[in-house]
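Report on the structure given below.
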Amino acid sequence: MTTNYIFVTGGVVSSLGKGIAAASLAAILEARGLNVTIMKLDPYINVDPGTMSPIQHGEVFVTEDGAETDLDLGHYERFIRTKMSRRNNFTTGRIYSDVLRKERRGDYLGATVQVIPHITNAIKERVLEGGEGHDVVLVEIGGTVGDIESLPFLEAIRQMAVEIGREHTLFMHLTLVPYMAAAGEVKTKPTQHSVKELLSIGIQPDILICRSDRAVPANERAKIALFCNVPEKAVISLKDVDSIYKIPGLLKSQGLDDYICKRFSLNCPEANLSEWEQVIYEEANPAGEVTIGMVGKYIELPDAYKSVIEALKHGGLKNRVTVNIKLIDSQDVETRGVEILKDLDAILIPGGFGYRGVEGKIATARYARENNIPYLGICLGMQVALIEFARNVAGMDNANSTEFVPDCKYPVVALITEWRDEDGNVEVRSEKSDLGGTMRLGAQQCQLNDDSLVRQLYGAPTIVERHRHRYEVNNMLLKQIEAAGLRVAGRSGDDQLVEIIEVPNHPWFVACQFHPEFTSTPRDGHPLFAGFVKAASEHQKRQAK
């Protein structure tokens, strides 16, 4: 089987939406019966985004196999059925790290190690490895053409086009076509300059995606085609839309998938986008709306919680309601009190690291529990709910996590490797287990209790969800908390670790150690988010009586 490659680049400005455009095109090709995957090549020197600030980079998306990756991989999984893995995302830092390791081992036999050919060869090897077994691979190059950081990646894909052959490679370039209000027209010159920049490094784009706040007129597209040496039918207008799920239909209506299939000599049926039409219909025809408060510490950049925000919207689609998300800084809860949480239909506390704002999250969990407000805690959101219950219901004053207070009296949450037994001795778990040292990453099994709410929601006794955390519930202190009324609703496959907790005498109080947002999609939703949004609607109705 021959694999075909579509290399996606961006020009003029960043944040044009390369990831969404690539994912939308992949969705159309998948709807034609093709086996499609998408890769993201990031030019930054960090080995992966795992240690990067969410305020700078946005969320870290965790794949099934435990890779910490760019948030664009979340878009890819929400648009296509193919699951991403560590092969779908790599950085300049990862490439240099691999090459330097080989150089130290002597793999290059004393050669002078250079960007060309050693770095570019390493990039090509990873792209080819990631594309194995697929009909079409879309490869998104991060950054903007002209950035010094992107040059090795652009050189590598130029070489790939020569080596694989132009009959199996396409270059798709996204560019900005701005509207000048003073002139009353769109301007094509930035696009021409961007293509000129690409040509200077040996890449002739085959497809141009023209991003604008309005449809680019046919005469302007013809002008772009003429000056950029691209067929007119391959100049695609991609205007701003109110829903990203309209983009597959927008690209298909301009024949982009037909053009690509002809170029690659692929014989495949017409794309059936009925599932996407259903998503658009559900989004456009809500029967009501709810307001959900999300209490976190990175709220100045909503992309830090991208998958959670999308998953809440998916939960709205499944309940035919619009979800209005109110982002609340947990430090504001500390300084202004829980009064700022009034008038919410439900409360969600997402994952996070570090002590800043934690007491505000603990106060939020207490407010939701005591006032019967639907609550969903994710990762740290589960840990603060447990700490709150231990303090205020189980009589464990000053209970905390060793992440925040290492020598606290009741360490109800502790590092995976540092639980204390009943005699006060530190119990160390095996580092050889799949928990992986200090960070638990990737998809793992969870067994649900038959009498739990989550068992009803999932409709299955065993689930698989993705993790990203260092700290766990301390089993040695669990009996006292359970005796006070907290229910452990789910445990890890080996029955060792607490995965889900519930408050039984509450309309809807669920908190999980894993990240359910990473497996939610617009077409299928997710049981926890669908149930949470439904609970928000029911709470709203109760309050209205």
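Glycine residues also receive a Cβ, built from the backbone N, Cα and C atoms like all the rest.
Because the structure is a prediction, the values reported are computed rather than measured.
Swiss-Prot names Gly352, Leu380, Gly381, Met382, Gln383, Glu403 for binding L-glutamine. Of Arg470, Arg487, Arg491, the residue it gives for the same site is Arg470. Record note: Swiss-Prot gives Ser15, Leu16, Gly17, Lys18, Gly19, Ile20, Lys239, Asp240, Val241 as ATP-binding, and the candidate from Asp70, Asp72, Asp303 in that site is Asp72. In the record from Swiss-Prot, residues Ser14, Asp147, Ile148, Glu149, Lys187, Thr188, Lys189, Pro190, Thr191, Gln192 bind CTP; the candidate from Lys40, Lys223, Lys233 listed for the same site is Lys223. Across the residues annotated as binding CTP (Ser14, Asp147, Ile148, Glu149, Lys187, Thr188, Lys189, Pro190, Thr191, Gln192, Lys223), the widest Cα-Cα separation comes to 31 Å. Ser14 (CTP binding site) sits 17 Å from Thr188 (UTP binding site), taking the CA atoms of both as reference points. Burial estimate for the binding-site residues (Ser14, Thr188, Thr191, Gln192): highest at Thr191, by number of other CB atoms within 10 Å. The DSSP secondary structure for Lys187 (CTP binding site) is coil.
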